[in-house]
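See structure below.
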Amino acid sequence: MLSDIDICRTTPLKPIEQIAAKAGLLADEFETHGLYKAKVSARCVKRLAEQQDGKLVLVTAITPTPLGEGKTVTTIGLAQGLQSLNQSVMACIRQPSMGPVFGVKGGAAGGGYSQVAPMDELNLHLTGDIHAVTAAHNLAAAAIDARIYHEQRAGYQAFEARTGLPALRIDPDRVVWKRVMDHNDRALRKVRVGINDEGKTINGFEREEGFDISAASELMAILALSKNLQDMRERIGKVVLAYNLDSEPVSAEQLQVAGAMTVTLKEAIKPTLMQTLEGVPTLIHAGPFANIAHGNSSIIADEIALKLSSYVVTEAGFGSDMGLEKACNIKSSTSHKAPDCVVIVATLRGLKANSGLYDLKPGMPLPDALFQPDRAALESGFSNLKWHIDNAQKYGLPVVVAINQFPQDSAEELGQLKLWIQQLPLNVRVAISEGFAKGGKGMEAVAREVIEACDAPANFRPLYRAEQTLEEKIITVCTKGYGCGEVQFSDTAKQQLALYQTLGFGELAVCMAKTPLSISSDSSLKGAPSGFTIMVREVRLCAGAGFVYALTGNVMTMPGLPDIPAFMALDIDENGDIVGLS
């Protein structure tokens, strides 16, 4: 079989104007960026305001191996499968970060015959939205250090007299806004800025600083959760950048940088239109990770697609404990649109990995034994799939299991897994997913199950209520959402939660940052663990995004590169074509 990039390169694509017309966009509702990309204006939502929304299908997964289980393949393949059944459909996915592209997982365009195309343009820069987020974020970081420098250099009263601005009196030790970049770079997790030659202060005042990856920026979450440009402007103004010497929050509005940050993101708020290999219109917008952010594409993209098509297929990052939880408790509470159906992607290799019998290391190839028949390992790991089915049903949503088939998979084991699912007393639909090898035709069975599931009654319910305290919400997600026995809070986390409650942020949602490789916060606990303890070590405030961000275990907001990173395989040939991208 051809490589992903060769399949993409040898498949004829339609001009983006044809894809826009197919989606139902008018000529003044999109702007082309080259032959195969366009920026889409949300004005079409106003034009179609009276039109009934389509059905929203959310694709999630079992607890994945480090390489993933084919969620994007399933998302794109399912959209093509629905089209193959003559349904009006669009897909909505996140923009890939270059961190994973050059790091462990590689690209995020899907794979095989279920891809968004051109996949190299999607995976590398696209229309520059992530760079815009990075620039807007770092503008605020520069503004903070500049304000500290000018106020402290002159003295607060002299600064006020000279500028006519109020002194913000920022505490240099309580700046909470780190810088960001769209790469994995562990060396930048902790740095010092403002370093000067002896006796000089020209470079600012020295303080400890650090970098996060751009996907973890609060601005990325704001981009994904904003309903329009004005909403984004208001949210950016609420971002807390630091605290002053009286322990009061200093916002982007107070620093008078919120307007410029919004200007930098003016074009980024427009989703990018592309196409699948079979011509399904696909909106790409925002790129928050699900382990260190809220892990879902944008509300704006969903709203546009739901007005233009009968079915919208989107995905939530990692397993249902991660992206699905955040889709239901953060995204849906903001958009007031719940999924009509949940698709859980399961694989033989992923379930065997959840038996705990294999030693999997991020950045290393999966062991060959995972691809060999092993009924005992499959049966042991099946508990993980049952957990994820139960988890989706906690939210009152119909469930379809898509068994993503790999070429090495045993037909006997595929049949056995399907039988086990059919025997569950949980009213779950199931089908084999062959989108990678066969495109839309290989997804028709899953698509039929999804159509039926979307017509089934749903009774959506989030896990917690806004009026609960932040601590109560975190405990609810950990106990009801993950099944842990005890939640512990570090002294730092306790102090932070008390501060946020006092400052009036108690009604915000909670966004858990934890490993995606276990339902727990310990990546070594496989299957369906219960009774474990989760330690919340730090809680960060994202007032503009509308949540607090609880860090557990050893999760990092700036990833590092593995010993054999994906960038080693990338190059460019004499024709200017990229090679080695997957």
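Backbone N, Cα and C atoms are what each Cβ position is placed from, and that goes for glycine too.
Summarising the annotation, Swiss-Prot assigns ATP binding site to THR65, PRO66, LEU67, GLY68, GLU69, GLY70, LYS71, THR72. Taken residue by residue with DSSP, THR72 (ATP binding site) is part of a helix. All protein chains considered, the CB of THR72 (ATP binding site) has 25 other CB atoms within 10 Å.
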All-chain count of other Cβ atoms within 10 Å of GLY70 (ATP binding site): 27
Fewest-neighbour residue among binding-site residues, criterion Cβ within 10 Å, set LEU67, GLY68: LEU67
Collapsed DSSP category at LEU67 (ATP binding site): coil
